[in-house]
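K.L.:
Here you go, one structure.
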């Protein structure tokens, strides 16, 4: 079965880079797929996206006119027609498996045919600065909840409930973990190395955050200080507030890191402070693009470099253009990417000999 996202890929490359290639830090490749049933309105919708680090590089949408796996970055456009034909065949096969799994899982959970249900899947691998394998992932979810996941040892499964144990027994009998491990430690790593080389100008860059602070009166006695970080890459960043040098984590409102729409990211952290005491508070920003951490303090003469109204309007527009399905898939990805167990439907690499990134085909649940 393949994993589904709350109501809302797979790639394999045959090229390999020499192990002498090194990068600044660790890197990851992730594929996320979501199938959503829609009773009375035709076949389930299937969306698959692939990420190298924080950059989406491929996408498939069964509702799109092209019905093809498509590049999402310029450096993927160098792949030839045979590559895209192979990836499209593989991702369509995965979509078909999910259609079957949706019916199977309804039976496992004794659900009626009338409601809409989802399957999500996330899989991928991480490499270290030397390009060598660090860890692999394979997770599945049903209706937004963990279903089954490949354990950190890549040899066994964790099932979330009695229904998932049925799938676990099937996959253990089929040797699914061994197939996944071979892909994750082999072709997944080779593909990631190749993408890092082909897209190095984008993937291996660091853009330092542009920072500023805004002040928003809450009442006659309190105000909100908001610390902004804009235009940074990669997405990993730390924003913290201190009062007189003491950490204010519990009193901090912190939003998830958000894509800016131009390949960079934005984030803010806010605290409510007594009016007139603003200068006791400092915001601390850490990011690999900075030579050293930044410390910001509100001054009465401070003016935001970007009007807050414009930023909020931009974020609203960004939310409007991103489809709900992909947003849900990404949210599920971030929630699960650092966990060794989640949900997932096993993929048997029927096409792995041909080097298809999507050849980690989902086994039926």
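Residue numbers in this text run from 1 along the chain shown.
Cβ from N, Cα, C; glycine included.
Residues or ranges marked as compositional bias 'Polar residues' by Swiss-Prot: 343-359. The feature disulfide bond is assigned by Swiss-Prot to 125-188, 227-283. The region 'Alpha-3' feature in Swiss-Prot is assigned to 207-298. Look at Swiss-Prot and you will find 25-308 tagged as topological domain 'Extracellular'. Summarising the annotation, Swiss-Prot assigns topological domain 'Cytoplasmic' to 333-365. The transmembrane segment feature in Swiss-Prot is assigned to 309-332; the stated evidence is sequence analysis.
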K.L.:
Look up residue 188 (disulfide bond) in the DSSP assignment and report helix, strand or coil.
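P.N.:
The three-state answer is helix.
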K.L.:
Pull the DSSP breakdown for the region 'Alpha-3' (207-298) and write it out as helix, strand, coil residue counts.
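P.N.:
The counts are 6 helix, 53 strand, 33 coil.
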K.L.:
Quick one: Cα separation, residue 125 (disulfide bond) versus residue 227 (disulfide bond), in Å?
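P.N.:
The separation of the Cα atoms works out to 33 Å.
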K.L.:
Compile a sequence-ordered list of residues in the same chain as residue 283 (disulfide bond), six or more apart from it, whose Cβ lies below 8 A from its Cβ; state 'none' when nothing qualifies.
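P.N.:
Expected: 211, 213, 225, 227, 239, 240, 241, 269, 295, 296, 297.
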